[in-house]
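Below, the features straight out of Swiss-Prot:
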COMPBIAS  9-23  compositional bias 'Low complexity'
REGION    1-26  region 'Disordered'
REPEAT    39-78  repeat 'WD 1'
REPEAT    81-122  repeat 'WD 2'
REPEAT    124-164  repeat 'WD 3'
REPEAT    165-204  repeat 'WD 4'
REPEAT    208-249  repeat 'WD 5'
REPEAT    252-292  repeat 'WD 6'
REPEAT    295-330  repeat 'WD 7'
MOTIF     188-192  motif 'DDB1-binding motif'
């Protein structure tokens, strides 16, 4: 698969599903540190803002999920129950529930308000590494070191489908905005798009030199896929054509599965953690690095963007163990 930038590199990419596109914001972002959240006792693995914008969930190698206030970083509650470290956490669309993926080979479904574990999803034969809800939040998807992707029914906790997805650990799984498609990425170097209903593989995106795919995510409107590979590269794909549209570089990512994100509340940015302890922000259109956020003292494994405010949460590994909230005026 050609990885050259196809077509007009200056083509404006609309990410939002809304018809009324906001005009490009000309100024670069000016994110500044708002607060540092201390609570985890080992490496933080994932941070996610709730869809309603109220909360931030963090997961950690300390086997805990902590819920914080999204705006002030105030500690809310801790969710206990996993026997081994947690790699990922994700919110339901109504912000009432969370799902977590753990090295104990299970996923757990949590009630946000009570902090109670509602269900434990068992079936993977190795570490569960990544998880997400579909938009109606009646299904959960998970990826594992057992090289499969599983689709679970939230109501019953039963596994509905197992996709023999990859030939190496699955690093990331995500539904598109309609819930009709699933994207998965793997250390086997492949990014695959699946029909969520049938479990059929519709398309495979592959790079020339096949570096491990460490992260994948659909854009908010579902037209594009953002991939991260362990050769210090992020790429934006038009998956319907199987073409790479944009390449983002300058950060360091050769070892860890670092979360990346679309930031659409102000300007249109790509945001990622990095192994040089920084958060990188690129202009989505021009691919230029517009800001680097300095403050963490270890690899920034996860960066999340707030759904409505110009707010970024970042989290770092075991020499740091903290979460930082950053805010921008635009």
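In case you wondered, yes, glycine gets a Cβ from its N, Cα and C as well.
The model shown is predicted, which means the values in this text are computed figures rather than measured ones.
For the listed features, I'd like the structural context: burial, neighbours, distances.
Here the repeat 'WD 1' (39-78) has long-range neighbours at 84-95, 98, 100, 102, 110, 112, 115, 259, 298, 301-309, 311, 313-318, 320-323, 325, meaning same-chain residues at least 6 beyond its ends whose C-beta is under 8 angstroms from one of its own.
Within the same chain, residues 42, 45-46, 48-52, 54-55, 57-65, 67, 128-133, 135-137, 140, 142-144, 152, 154, 157, 159 sit at least 6 positions outside the repeat 'WD 2' (81-122) and bring their C-beta atoms closer than 8 Å to a C-beta of that stretch.
Counting only same-chain residues 6+ beyond the ends of the repeat 'WD 3' (124-164), those with a CB under 8 A from a CB of the stretch are 87-94, 97, 99-103, 105-107, 109, 170-175, 177-179, 182, 184, 186, 194, 196, 199, 201, 257.
Mapped onto DSSP helix, strand and coil, the repeat 'WD 4' (165-204) counts 0 helix, 22 strand, 18 coil.
With a cut-off of 8 Å between Cβ atoms, the residues of this chain six or more beyond the repeat 'WD 6' (252-292) that come close are 10, 12-13, 15-16, 24-25, 27-31, 46-47, 129, 171-172, 214-215, 217, 219-220, 226, 228-234, 236, 246, 298-312, 314-317, 320, 326, 328, 330.
Within the same chain, residues 25, 27, 29-38, 40-49, 51-53, 56, 58, 60-61, 68, 70-71, 73, 255-267, 271-275, 277-279 sit at least 6 positions outside the repeat 'WD 7' (295-330) and bring their C-beta atoms closer than 8 Å to a C-beta of that stretch.
Taken together, the residues of the motif 'DDB1-binding motif' (188-192) have an average pLDDT of 97.
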Mind checking how the repeat 'WD 1' (39-78) divides into helix, strand and coil residues in DSSP?
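Summed by class, the stretch gives 0 helix, 21 strand, 19 coil.
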